[in-house]
Amino acid sequence: MAVKEILRMGNPQLRKVSNVVDDASDELIISLIKDLQDTVKAHQGAGLAAPQIGVPLRVVLFGGGGPNPRYPEAPSIPQTLLINPVLTPIGSDLEDGWEGCLSVPGLRGKVSRWSRIHYRALNEDGFEVEHCLEGFPARVIQHECDHLDGVLFPDRLVDSASFGFTGELETAGIIEKLSSAEQKASQQSRAD
């Protein structure tokens, strides 16, 4: 149980399809869940998938219960851990939105995602859960589940012109800058 190194784009492990978890109560899974929680908190991510810390298993964690400094305009999402998630789009509506990724540091891009999604998975206690999400939470779960299939958000860009360094996109006014209060909160969280 520790903050793990996050693999970055270019590492071939990020391109592999992850294995199904056979036993959610296995000690390896319990330890993995704690590592995901510690790592996503330390890096202020909106979510994290097991392959991003070098574990090729179908486990994702998203949300954190409070505002996320990396996505200040987004609603808070309760922390949710899913094992072997299966996603099904609800309807045919797609929504374009800006994404970043802890495995693609410093870069953002516009990606089209289903606006509403239904998921079915096991929770950390091994019980089957299902839920419907829309908007930003639906985007986050789709992004994290892509990691389970070896897909990174740049693979899904609306167009290559929407992909760039966060600072450059902010300077050009393409995406909003973090407010000074949000920057301060972000810096304080990093110091903790």
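Glycine is treated like the rest: Cβ placed from N, Cα and C.
Annotation source Swiss-Prot lists Fe cation binding site at C101, H143, H147. Sequence annotations record features per position, and here Swiss-Prot assigns active site to E144.
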Between C101 (Fe cation binding site) and E144 (active site), the C-alpha gap once rounded to whole angstrom: 9
Long-range Cβ environment of H143 (Fe cation binding site), under 8 Å and at least 6 residues apart: A46, G47, E99, C101, V111, R113, F153
DSSP three-state assignment (helix, strand or coil) for C101 (Fe cation binding site): strand
Under 8 Å by Cβ from H147 (Fe cation binding site), counting only residues of that chain that are 6 or more apart: L14, S18, A49, A50, P51, Q52, V60, S103
C-beta crowding around E144 (active site), within 10 angstroms: 25
